[in-house]
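These come from TrEMBL:
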COMPBIAS  443-472  compositional bias 'Basic and acidic residues'
COMPBIAS  482-505  compositional bias 'Basic and acidic residues'
COMPBIAS  512-523  compositional bias 'Basic and acidic residues'
COMPBIAS  537-557  compositional bias 'Basic and acidic residues'
COMPBIAS  571-580  compositional bias 'Polar residues'
DOMAIN    19-47  domain 'DEAD-box RNA helicase Q'
DOMAIN    50-224  domain 'Helicase ATP-binding'
DOMAIN    253-397  domain 'Helicase C-terminal'
REGION    396-588  region 'Disordered'
MOTIF     19-47  motif 'Q motif'
Amino acid sequence: MTLIFPKFCKGDEVPLPYSSFEATGFPSEILREVYSAGFSAPTPIQAQSWPIALQGRDIVAIAKTGSGKTLGYLIPGFMHLKRCGKDPRMGPTVLVLSPTRELATQIQDEALKFGKSSRISSTCLYGGALKAPQLRDIERGVDIVVATPGRLNDILEMRRISLHQVSYLVLDEADRMLDMGFEPQIRKIVKEIPTRRQTLMYTATWPKEVRKIAADLLVNPVQVNIGNIDELVANRSITQYVEVLSPMEKHRRLEQILRSQEPGSKIIVFCSTKKMCDQLARNLSRHFGAAAIHGDKSQADRDYVLNQFRTGRTPVLVATDVAARGLDIKDIKVVINYDFPTGVEDYVHRIGRTGRAGATGLAYTFFADQDAKHASDLIKVLEGANQLVPAELRDMASRGGGMGRPRRWAPSSGGFNGRHGGRTDSGFGGRGGYGISTSSSSWHDRSGGRGYDHESRDRYNRGFHDSYDKGHSHSRSPAGLGDRHKNIGRDRSRSRSADRYDNVHGRSPPRSFHEVMGKRDRSSPPQHRVPPNNNENLREPRHFMDPQKPSHERDNFGRSYGDSQHEQARSGFTNGTRIGSGNAEDDH
């Protein structure tokens, strides 16, 4: 192949591009529609592909989204129809295949808009809608059929459509159709079309799968390249912001972005799952006017939501990737990637919903730890579009994995590797696994899990000892231990009266765990405590009340201290220390 225009085209004897609409020689009725739509000059893909298509040659066009490729193949299709003059009742002459019903309906809208003055008829075949109206259009006869591969294949199997007159075939977003698994349907459809035809293929990427099907279906095509085909390049008219966030920070940041936009601005928020899509739409609908669209919605619901979005009644559209490539709505100001997609190709197509037809746009992307495998590819896309690359994203790419950022709410010491709960030198830390202290080798230093320091509060904001009286609580303070054994009957009273305790509201100065345990006589534990590492007595059956016990050896519930010992052991308290399970969920 001879390279005529190194930047744009590859092929033999490639014609010169058109510099204006007047140079195209299109009929006046078509030019009127073009000018009334607000176009002043052809886009690069139109200027390059129109003269080639008008010569009847096959084309492979590689261009980004929003480049004006739809008119790049529709208007030459109109001219092809005028030359052929076939009877539409015998079957369509122009067939356009697209991956999604959203894109198919938008191509149909463009065909109706620009072909109306030329009396060109068209219909759209897609799944999720009733077949009867579509079959009636086919029976009446149409010049152009825009279809998704799945629905067209179904109608072919019903023998309700004939493609023997098709002489102008378009594969729009061919890479997307292959990604969605439509290659068998495409090949089956092409077998129903005469080999003497003109074929135009439009794609945003040029992987080997697309190259293979292009080699099979096209004959000596001219390759039109708008942009770099070796690397995926985003639209430079879109300002991209990538923010490295944790999942819990996403929603708050999303609301901040929405509030910062002008009222009524059209915004698309992309999610990775249908469930998240519905959840976000519900949360945002009250304050921002949001609606959801995804694959589980019926066609009527999808049409209603898209119409509300186009008219501005619902300015925020929450969508999954089903709408990423199909939407062609004007004046979309902002695209927000709430969840990063499965690859940078989908990222480029998502943000391509804004900045179309020469306009500018904004794209915000929330990048989390689980997206780290895409960091390097995303940096290439950002650098290719001359966008700012966050330092955190570069750091993530250099590590080849996660962010490695410590949680802002995590404790700085205690527990395993100093990041979880467990024991510390000044008491008990937060929650965690196996807290091992290096300052002591006694048995209590190896107790992990959840504990309390001297300032710990429970979930109701009470002090650790507030739910017990002074005599009944398992206090870590050694003060009053001797008096407790002498007057244990009185101390077991549940009364909290001020005359019994002089210091009800005040508390003794806080003490560390080692300070408390150092003053205790570990060789002779108190009688009402369970000795460490001696649990044989726990297996013996206990009676609820032993009448032989003297009253001063029974608590105020009538239980003997053997029962109290048993209950304490079951509660996880041993020698004044709660031994955690090592599982943060169990200890919470």
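Each Cβ is built from the backbone N, Cα and C atoms, and glycine gets one as well.
Automated prediction, rather than curation, is the source of TrEMBL annotations.
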| query | When the domain 'Helicase C-terminal' (253-397) is classified with DSSP, how many of its residues are helical, how many are strand and how many are coil? | reply | 70 helix, 26 strand, 49 coil
| field | Composition by DSSP (helix, strand, coil) of residues within the domain 'DEAD-box RNA helicase Q' (19-47) | value | 16 helix, 0 strand, 13 coil
| said: Mean pLDDT for the domain 'Helicase ATP-binding' (50-224), rounded to an integer? | reply: 93
